[in-house]
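Enquirer: Okay, these came from TrEMBL:
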- 313-446: domain 'ZU5' (DOMAIN)
- His436: active site (ACT_SITE)
- Ser438: active site (ACT_SITE)
- 447-589: domain 'ZU5' (DOMAIN)
- His579: active site (ACT_SITE)
- Ser581: active site (ACT_SITE)
- 781-866: domain 'Death' (DOMAIN)
Amino acid sequence: MQKMAELLGLRDECGEGTSGAPALAGSCLADNRLNLDVYPDGCRRFLQLFKEQRGEVLQVEFLRLSSNDHLLDTTLGSLPHLKHLKSLVLKGGHARDEFASYQHGSLTSLPPDFGNLRCLTHLDLSFNRLSTFPSCILHLPSLRVLLVSHNSLVTLPEDFGCLSKLTFFSAMKNQLKDLPQSIGELSMLRDLDLSENALELLPEEVGNLHNCTELDLSGNRLSSIPDSLANLKSLRRLRLHSNLLVTVPASLASLPNLSRLDLQNNCLRAIPAEIQALPFVHVRGNPLGETEPSPQAGNCKASAAVVVHSCISSGSFTVTSEGCRVVLACGIRFCFPPGAASDPVQIYFRSLTPDPQWVKLRHHDVLLSRVLELQPHGVQFQQEVQIWMPYISPQTPHQHEVVVRTFSGQSWSDLRTRVKQKRKSKKCVAHCCVLHFSWFLVVSRLVQNECRVPAEGTLLFSSVDPNIKVIFPPGVTKEPRSVKLQQVLPVSAEEIEEITASAGCRASPLLYLSQDSTVDFLKPVRIQLPLPSGVTGLNLDRSRLHILHGDLEGQTWNDITSEVVLEFTHLYAVFEVTHFSWYWLWYTTKTYIGGIAKKVYERLRLYQVNFIALQRKKDPEQVLLQCVPKHKVDPVLKKLQDRYRGPEPSDMVEMFEGEQFFAAFERGISIDMDRPDCVDGCLSFIFYSHLKNMKEIYVTSPVDRKDQAVKGQVSFYRGALPDGIPEEASRGRKGPDSLWLATLPIKLPQLKPRWDENRGPLYGFSFPPLNLGNAETGYLTQANLLSIARRVGADWQSIGLNLGLTYQQIERIGYNNREDLNKQILDMLFSWAQQNSEDPDCVSKLITAMKESGRQDIADEVEAIIELGRQKYSESIRRVGLEQESSTEDSALAMR
């Protein structure tokens, strides 16, 4: 075995062979186990071993390989020679594609002599490209656990029931349309997962699975279920949510061991009283009491299949010609009407952090959501697809409106949008319809009024302030053209006085006009603006009134008062123009008003913010950094005060929407430099006024300080500016002194060690010692959890949800450790472990979660660890009993 370790490269990576490398060698090569899926070239290493150490390889009983390996096909031919093999994992999901989704493996079939593996009891072929079920699997007489989830299987073989020893079978996330009748012959089957397929009917023979305790049929197209399910007397959990059920048999209520019945998101208008009386039944999302099927929206029929997607940040789903409704864990919903796709199409989605490099906001826009990318780009649907996107309710006045904005690959455009606020949750949702997919986000923009100007002329007025009017006379244009009117937030007299340090300055609302033609109008267009606040036609001093014209970026403002004819009424000023841009009416004694207007316009785009740096009370190494708009500081601190402590917020500073800033840890405190959001040792942020500019990270000191407090600090610095910022503001951001924003203290009372002498570096995490379980049943230690973590892979989100973590916790873990799968897994697993360390049943819950996530292999490993612990405990008790000669038989029995 030592020579095998050398061939695997363990000497170079882990020290002196297997004895000096428990952190890696133990997870790759241990006795009769060979774990090669942790290597990008695992198949090459296996083939080398098979060639040079054939005799030892033939004794291997547990083998793991990545099916993303390009040498997989070559390796498959050698596997039938491993006659002692008991567990084989050929799983994909070890790489990511261009959509940042976990990539399916290249496995499409198995060699015919694969059936010679007579000892094989566990086979995992998940995340591959199987479209037909390999017939050789039916010749594995000892097979007990079979996973073929996340493939493309359409059907199972008719003689599938010959796998008589099967106890666990998962085929979730395939395209199964029916089941063979022989499935009822699997008399030993305990766990059956057929979720997220296309099943429309179940055979009556399913009722013959008398040992079945877990049955998951969620996310299919079942309109009914057979009465024979009432024969499953061992059944504990039955998941039927997200189907098309219109009725369920009342006999399900008679199942003696049933502890969970999930009927959510179906088409049930009535439920038998016997089932309604069950305390563990879940029925939300059904049109109960309705006499007609309740359409979800538009032309999406209630009969369309419902797909509930548990992935948070990325994933995929299939849309067929029958249409479907899709609900993502983040709250985004889709409705594909029947006929929208003529052929099945795989839709990829991912949620992206907005990057000002390509998310171009217009002046006075406010970003309200993350970016949703939908692939494939540009595919034309036959009917409009409806999208509902949740967004942060904007704290902007009535001059703004919410729209969904989409990117064509070259430019952004706004979609016709309807907004709705849910009654119970008060959450806001933006709804739009599209014929093709690309990138989408939700923004709050200035209210926009538009009209089509014909040759006969027309009138356009602002819906925000009807006193603002644009009058187009007859003959103003030869060809009809579209015109848009926007009104910027008005500036109060107090704000102008503060900015200009001059009393008596007033300004009307800022007006922006645009058109879809580059040709000037043939006749002057009349514009009516209300006079500035406090100014009327009776007290008007014409020498103090100025009409300013601004360029498209608001960089320069020219006084055009002498170039236009001004007319006045008691309340309004009227003037004429032939081309469109920004127009602003000012009333002041200042002679050079252009510079003042520019400064005021810049202030309209700035936000007043404070920085906070808080430390968790239970773990001071965990630091929360956040940039908070000034008016939200007190509510945010009040919400966090029970779990965090720290200094007062920083002084107020001003920032632009989409502006970059950095957090640098100083004076003896550092962070993991390998973080993807770490630039030159500093954490990178982008400020968006309505999104959470927050990160929670672990800090440490590079030097061990026993019993000494570390008094460090975090400083915030300016970074890159978004496009279109006024020139003076850009110049003001240059130079080392102008980049500093604020500094807040951080104190670490005592640093926790980040190195375990026996196990090596813990991936940059520091956790207290863990002992899950109890002495009698066996412990799971920190080392055991680390070993388990190395095998979790792409299933970590599903496992975390089954362990009881919330969607928000999973999303936070994924965000804090994005682009680092190992850290995501460790953070998830140890967060759960710390929360449940006092629960005596936590180990059994971990085993159940692994089984529910389709990871029977890890469940088996945990059970093996626990069983070993029980044996050691019993042996120690017996030894103690033998040494104590005076102990009585009763006390010996009690100790047992």
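Each residue, glycine too, has its Cβ placed from N, Cα and C.
Are these features on the surface or tucked inside, and what touches them?
Expert: Across the domain 'ZU5' (313-446), mean pLDDT in this model comes to 85.
Counting only residues at least six positions away in the same chain, the Cβ atoms of Asp520, Phe521 sit under 8 Å from the Cβ of His579 (active site).
Around the Cβ of Ser581 (active site), a 10 Å sphere holds 14 further Cβ atoms from the protein chains shown.
The domain 'Death' (781-866): residue composition by secondary structure is 68 helix, 1 strand, 17 coil, according to DSSP.
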Enquirer: In sequence order, which residues at least six apart in the same chain have a CB under 8 Å from the CB of Ser438 (active site)?
Expert: Glu373, Leu374, His377, Gly378, Thr406, Phe407, Ser408, Gly409
Enquirer: Between the Cα atoms of His436 (active site) and Ser581 (active site), what distance do you get, rounded to the nearest Å?
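Expert: His436 (active site) and Ser581 (active site) have their Cα atoms 33 Å apart.
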Enquirer: CB neighbours of His436 (active site) within 10 A?
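Expert: Around the Cβ of His436 (active site), 14 other Cβ atoms lie within 10 Å.
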Enquirer: DSSP on the domain 'ZU5' (313-446): how many residues come out helix, how many strand, how many coil?
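Expert: Going through the domain 'ZU5' (313-446) residue by residue, I get 0 helix, 68 strand, 66 coil.
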Enquirer: Could you give me three numbers for the domain 'ZU5' (447-589), the DSSP helix, strand and coil residue counts?
Expert: 14 helix, 57 strand, 72 coil
